[in-house]
């Protein structure tokens, strides 16, 4: 069955996506409602303008013939210009209590959003040297605090985040100094450490202030993600300090490391016996919904008897699998016996997802452990077609339980 994409849908969604990336709204649904409502209102105004123009022509003719009053159309030329500011992670000012919807420049066609081709595999790790700008402990702590809520960095693992912090350099600015200028090529992404800044957008050659930053926020990442000129001028209105990240380092850390991580996840998925029947496209979907979790030494990952909500693949570290036997005591204080250990690339927790039964065993971290996790909803949505194949492995697990405990039902029942 072929599905025809309605005309204009792609451009509509692309425009909305860019606005979300620029403004990073806390309430995405409210932002979407305001965004599309505004678009609808603008279309209605344009229709009214066309109707008004036709009405004015008819009215002028009527006035010439019979002295009638000319009808009035909509005069957009008298309306103030509204425009976007370049705002990747704009934070609300301390006194602001509500989210303000972004404004759109209705007179300028949206510029193309594109980027030069970039292949992370073309760079060799051996040829790269890690960029480090020395920082004091206080500077590093302030920088880490400033970066913790930036969307671009939320999915970075601790090692990648450490690389970002090392590579960021401090830029001191004076009052009145231009940090970036509208139309210039984007070279750096900036995080505000301290200071106030105004956002200016040129309209008919005249710059107009459309917003400001007050000791927090970030800007410039759109120019690093896409090959597009700066959309605004940022001017310091007080002495301040910024942390900058250059284009090359940004692309290497964010893009290349994510590409390497994705390949690693794909290799993990390919190695799982119960997923071997999946097509390549299906495996890629699995990779898209996988999340990562880090556990400290001795921390419980899953508990025997709990309801199953996800299964895990060990990315790094070692996991200890234990099981309690009903009515029997063991040498361990908690009455559990160790039945297995999982290392890098091995998985656990999938049996409960197949059988819809409570967890049959517990898992604890040995040292620091990083796991890939897929929740049960995504599991059922994506892996439904291969459930029967997965169930073929149940016999193997039941044989292991029988060998260990004499029966495959000899586990502690979950307590209410």
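Cβ coordinates come from backbone N, Cα and C, glycine included.
If you look up Swiss-Prot, you'll see 2-151 marked as region 'Dimerization and phosphorylation'.
Here Swiss-Prot flags 53-97 as region 'Disordered'.
Residues or ranges marked as phosphothreonine in Swiss-Prot: 69.
Residues or ranges marked as phosphoserine in Swiss-Prot: 83 (among others).
The feature phosphoserine is assigned by Swiss-Prot to 85 (among others), with a large-scale study or a structure entry given as support.
Under the heading phosphoserine, Swiss-Prot lists 112 (among others), citing a large-scale study or a structure entry as support.
Counting only same-chain residues six or more apart in sequence, the Cβ atoms lying under 8 angstroms from the Cβ of residue 184 (3',5'-cyclic AMP 1 binding site) belong to 229, 230. Under the heading 3',5'-cyclic AMP 1 binding site, Swiss-Prot lists 152-273.
DSSP assigns residue 310 (3',5'-cyclic AMP 2 binding site) to a strand in the three-state reduction. Residues annotated as 3',5'-cyclic AMP 2 binding site in Swiss-Prot: 274-416.
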Give the sequence-ordered list of residues that share a chain with residue 168 (3',5'-cyclic AMP 1 binding site), lie 6 or more positions from it, and have CB atoms under 8 Å from its CB.
133, 143, 191, 243, 244, 245
For residue 232 (3',5'-cyclic AMP 1 binding site), which of the three DSSP-derived states applies: helix, strand, or coil?
coil
Cβ packing number for residue 200 (3',5'-cyclic AMP 1 binding site), 10 Å threshold:
21
Measuring Cα to Cα, how many Å separate residue 346 (3',5'-cyclic AMP 2 binding site) from residue 216 (3',5'-cyclic AMP 1 binding site)?
43
Proximal but sequence-remote residues of the same chain as residue 364 (3',5'-cyclic AMP 2 binding site) (Cβ under 8 Å, at least 6 apart):
298, 299, 300, 301, 319, 320, 322
